[in-house]
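Some notes on the structure that comes next.
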Amino acid sequence: MDKGLHFTICVVTAVLLLRESSQAGEEKHPEVLAAPKPAFGTDSRGSGEGLPTLTVTTILEDPYVMVRGAELEGYCMDLLAALAAMLRFQHRVRVVADGQYGAATAGGNWSGMIGEILRREADIAVAPLTVTSAREEVVSFTTPFLQTGIGILLRKDTASQDMSFFHFLSPFSKETWTALLFAYLLTCFCLFLVARLSPCEWNEPKNEENHFTFLNSLWFGAGALALQGATPRPQALSVRVIAVVWWLFTLALLAAYIANFTALLSSGSEQLPIQTFEDLVKQRNLEFGTLEGSSTFYYFKNSKNPIHQMIYEYMEKRREHVLVKTYQEAVQRVMDSNYAFIGESISQDLAAARHCNLIRAPEVIGARGFGIATAQASPWTKPLSIAVLKLREAGDLDYLRNKWWESSCLRQSRDRWGPLEPPALGGLFLALGIGLALGLLAALAELSSSSRRTAAHAKKSCCSVFTEEICTRLRIKGAARQSQETSGKANA
């Protein structure tokens, strides 16, 4: 009993000592335990005393930073909250005063967010800020949190062209049409061959003509393609097998053709005359431009590519008419006039997802990334880069991408509705091939059965009768003449 009481006293004493040590730890490090861990979309401004406070400059651009009531929200705000929770800092967000991203002025100074960092008005810039060599010379960038390029944003009705005279061929690719023609000819030949081999299609091969001539077989196959019955009517089981398989093949093929043709007609985007930047330069119906002072503008200015130089010269000569101040202005101008906007492809994908009458041309040039800008030699550059990498590895950046780039309309584009390639119909062609093989085997079985009966009645070899029947039905004259001479000598 004394041992049990002694053990209980020891346990109670240990628990009290552990509780006192934990309370002492809380008193010693209150700022660490009180630090918040905000989820995506929350703002850590003013939370956690004793934590370093960073001034963050950004720019209003949907969906990166948007004003909702009295608060800012968007992709960059969610990213900033995640970084603050990971690196334990507070932040004050301010919108860039001049509304610019950052470009060198004539006096050697910098405008926009880059200028605010150089003037120590902000510690970091969290925005869709493109990493360029010119900006890297004056500020530091973290690992890119988004990858993008330069694309062309168009309105569908200005980008589309008149349908070609042979537009009805668009549902299938050239390879599919070639495979279809080959399947048609092969099926008709098999019909012709099986009808000649089968004893049920004619009684006297030497004295009568088979109804399934090659021309009649072609007509029969074409009638099935048009969902129309055609003569002659198949009588033998083998011929009917091939006819049924061909009918099923044509039904499935016509269904695929009608569905894809309807989708192509309704999408209106399957024929874009402006596929590349070269196409944009050659046309004369659309004006085109980009954001004034953006990295895209200087990309074309510094490029040695002749096409890119032509684009820059066009924008420079007409800068008052084709250069826009904001991304929202660019999107609105594309929707309201004959204007093509050259800019970040990832932002154009968002515009195409939000506005169903917009589309981005296929070509994307100048692969680049969006990074967080800091002052040179800033102690925050490397920690922010590592934090961005951790968010990417954890899938948080993909989550944010899907969250803010969610499409509000169901678009039918060329990526979804295009010409059907042979692999898409491979199972259908395989089923046709199996049906033709079954028909040929059935014809040989019918002929073999008939030959056995004839051989038994005439007391001849089954193989010789089978060979003679094949030669007679296929009109192989040399073999038929040799068999007749052999039978004449036997009679003599």
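Every residue, even glycine, has its Cβ placed from backbone N, Cα and C.
According to TrEMBL:
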| type | residues | note |
| --- | --- | --- |
| SIGNAL | 1-24 | signal peptide |
| DOMAIN | 53-407 | domain 'Ionotropic glutamate receptor C-terminal' |
| DOMAIN | 63-119 | domain 'Ionotropic glutamate receptor L-glutamate and glycine-binding' |
| BINDING | P128, T130, R135, S295, T296, E344 | L-glutamate binding site |
| TRANSMEM | 177-198 | transmembrane segment |
| TRANSMEM | 239-259 | transmembrane segment |
| SITE | I274 | site 'Crucial to convey clamshell closure to channel opening' |
| SITE | K301 | site 'Interaction with the cone snail toxin Con-ikot-ikot' |
| DISULFID | C356-C409 | disulfide bond |
| SITE | K390 | site 'Interaction with the cone snail toxin Con-ikot-ikot' |
| TRANSMEM | 424-445 | transmembrane segment |
#### Entry: Check: same-chain CB within 8 A of L-glutamate site center, minus P128, T130, R135, S295, T296, E344
Y101, L129, V131, T132, T148, S294, R368, F370
### Query
For L-glutamate, with binders P128, T130, R135, S295, T296, E344, what's the maximum Cα separation in whole Å?
17
#### Entry: Spatial neighbours of the transmembrane segment (239-259) far in sequence, C-beta under 8 Å, 6+ residues away
171-172, 180, 183, 187, 190-191, 194-195, 198, 201, 212, 220-221, 224-225, 227, 420, 425, 428, 431-432, 434-436, 438-439, 442-443
### Protein Cβ atoms within 10 Å of I274 (site 'Crucial to convey clamshell closure to channel opening'), excluding its own
25
### Query
Who are the chain neighbours of the transmembrane segment (424-445) in space, where the CB to CB distance is under 8 Å and they lie at least 6 residues beyond its ends?
176, 179, 183, 186-187, 190, 193-194, 197-198, 236-239, 241-242, 244-246, 248-249, 252-253, 256
### Query
Given the recorded positions R135, K301, K390, and counting only Cβ atoms in the protein chains shown, which has the most within 10 Å of its Cβ?
R135
### Task
Please report how many Å separate the Cα atom of C356 (disulfide bond) from that of T130 (L-glutamate binding site), as a whole number.
27
